[in-house]
Amino acid sequence: NVQKALLQSDVQSKTDKTPVTVADYGSQALVSFVLQQELRAEFSLVAEEDSKDLRKDGAQEIVERITKLVNYSLTSDGSYNVTLSTEDVLKAIDSGRSEGGSQGQHWVLDPIDGTKGFLRGDQYAIALALLDGGKVVLGVLACPNLPLTSLKDAGQHSPNNEVGCLFFAEVGGGTYMQPLDGSSAVKVQVSAVENPEEASFFESYEAAHSMHDLSSLIAQKLGVKAPPVRIDSQAKYGALSRGDGAIYLRFPHKGYREKIWDHAAGCIVVTEAGGVVTDAAGQPLDFSKGKHLDVDTGIIVTNQKLMPLLLNAVKESLKEKAPSS
């Protein structure tokens with residue numbers, strides 16, 4: 001609803017990011033409220049937002065908008081017969097203050113992953129994962145704008161507007177995709193492509209988020225013929241888990257530290273669909289160190305057959321790029 005209203009207004013031409021804020025906070029409040037209702041016990045949630053700015057003078061109006069939207073969502077869903085006060089909503093947002101770590105269980109949430117895509121009316125995701133002893137054991141990715149059919153056929157915008165996918169995976173249980181309308185889920189698998197020339201790859205839409213020149217050098221070394229598919233958010237992990245493309249490369253600019261909520265859900269969705277997720281040195285991602293992921297250079301995702309070739313191309317390309325950087 002927030003995105004629809006946003007696209008009908010002229011807000012994109014301003015630097016005003018309040019619609020995104022409303023969506024981020026509202027999404028976090030809803031997810032943490034539902035976890036509370038379902039788990040009925042103390043739980044730990046590592047999430048991107050907190051209510052600090054919302055408790056400042058002058059934020060009353062935005063808090064009321066968030067509360068109204070949260071209650072509207074709860075009413076239209078009908079599972080919980082409650083109305084939340086603004087304080088309930090702020091408390092729900094603040095339940096995401098955990099630091100995570102290697103001990104016990106922690107839920108990990110990115111309430112709106114892919115802010116720029118959200119603003120443009122393109123791809124974004126709501127990403128929720130569960131860590132147990134520092135390992136991801138469960139992941140859910142909601143991609144409200146992702147076409148139900150492969151991006152290879154539909155592109156980013158489905159011709160008959162059949163969009164909205166939920167991907168979910170549990171350790172040892174495989175990965176499933178379900179349309180957001182609630183119809184039945186199907187098991188998905190990553191692409192079985194073995195010849196890199198036939199592989200297509202995903203990368204971030206925004207050049208600011210990933211080094212596109214490095215990605216294209218790697219693609220060149222592999223002999224990849226297809227141009228990259230650039231989309232925002234962890235929707236890339238979802239699309240890859242069902243075989244829309246075979247490779248995802250993410251090389252952030254120097255100095256950027258990855259956050260666990262940007263990869264936890266996507267990581268298990270891909271690995272349970274038969275894929276592999278590592279850093280540029282071929283090491284698995286370590287989610288046990290708190291809010292940050294310390295990775296070597298970047299993140300690479302593909303199927304098991306292509307991984308050795310891809311790692312090789314990554315190493316060679318990094319070596320070539322080293323002197324110039």
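Cβ atoms here come from the backbone N, Cα and C positions, even for glycine.
Here the structure is a predicted model, which means the values were calculated and not measured.
Spatially close to Ile112 (Mg(2+) binding site) yet at least six residues away along the chain are Val20, Ala23, Asp24, Ser27, Phe118, Tyr124, Ile126, judged by Cβ distances under 8 angstroms. Per TrEMBL, the feature Mg(2+) binding site maps to Glu48, Asp110, Ile112, Asp113, Asp262.
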List of residues, in chain order, with Cβ under 8 A from that of Asp262 (Mg(2+) binding site) and at least 6 apart: Asp110, Asp113, Ala127, Gln234, Leu293
Of Glu48, Asp110 (the binding-site residues), the residue whose Cβ has the fewest other Cβ atoms within 10 Å: Glu48
For Asp113 (Mg(2+) binding site), the number of other Cβ atoms found within 10 Å of its own Cβ: 30
Env. residues of Mg(2+) site, Cβ within 8 Å of mean position of Glu48, Asp110, Ile112, Asp113, Asp262 Cβ: Leu109, Pro111, Gly114, Ala125, Ile126, Ala127, Ser233, Gln234, Lys259, Trp261
